[in-house]
Amino acid sequence: MKTLLLTLVVVTIVCLDLGYTRRCFITPDVRSERCPPGQEVCYTKTWCDGFCGSRGKRVDLGCAATCPTPKKKGIDIICCSKDNCNTFPKWP
């Protein structure tokens, strides 16, 4: 009986995702990946560099523990808290 209970406990632990982590799109590959433990916020950061006029804004996608704050003017950061919510921006 103890063996059966132990087996059920092990199967339950293996089947349940006890350490759920957020999934976000990550650059440069723009693919969905699990975020490291403790990072439950997805973000999209956009900014202009020297090629902004011809190529458009640069984009950085990733995970964070809290929503990052821009360190310079001209950097836009959008945060969200659902799986894969930080899709690559669609430009007009």
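FYI, residue positions are counted from 1 along the chain as it appears here.
From the backbone N, Cα and C atoms, a Cβ is placed for every residue, glycine too.
As recorded in Swiss-Prot:
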type	residues	note
SIGNAL	1-21	signal peptide
DISULFID	Cys24-Cys42	disulfide bond
DISULFID	Cys35-Cys63	disulfide bond
DISULFID	Cys48-Cys52	disulfide bond
DISULFID	Cys67-Cys79	disulfide bond
DISULFID	Cys80-Cys85	disulfide bond
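Between the CA atoms of Cys52 (disulfide bond) and Cys67 (disulfide bond) there is a gap of 24 Å, rounded to the nearest whole number.
Under DSSP, Cys48 (disulfide bond) is assigned to coil, being neither helix nor strand in the three-state scheme. Set side by side, the disulfide-bonded residues Cys24, Cys48, Cys79, Cys85 differ in how many other CB atoms lie within 10 angstroms of their CB, and the most is found at Cys24. The secondary structure of Cys35 (disulfide bond), as reduced to three states from DSSP, is coil rather than helix or strand.
For the disulfide-bonded residues listed here (Cys42, Cys52, Cys63, Cys80), the lowest count of other CB atoms within 10 A around the CB belongs to Cys52. Cα separation, Cys48 (disulfide bond) to Cys80 (disulfide bond), rounded: 22 Å. Its Cβ placed at the centre, Cys67 (disulfide bond) has 13 other Cβ atoms within 10 Å.
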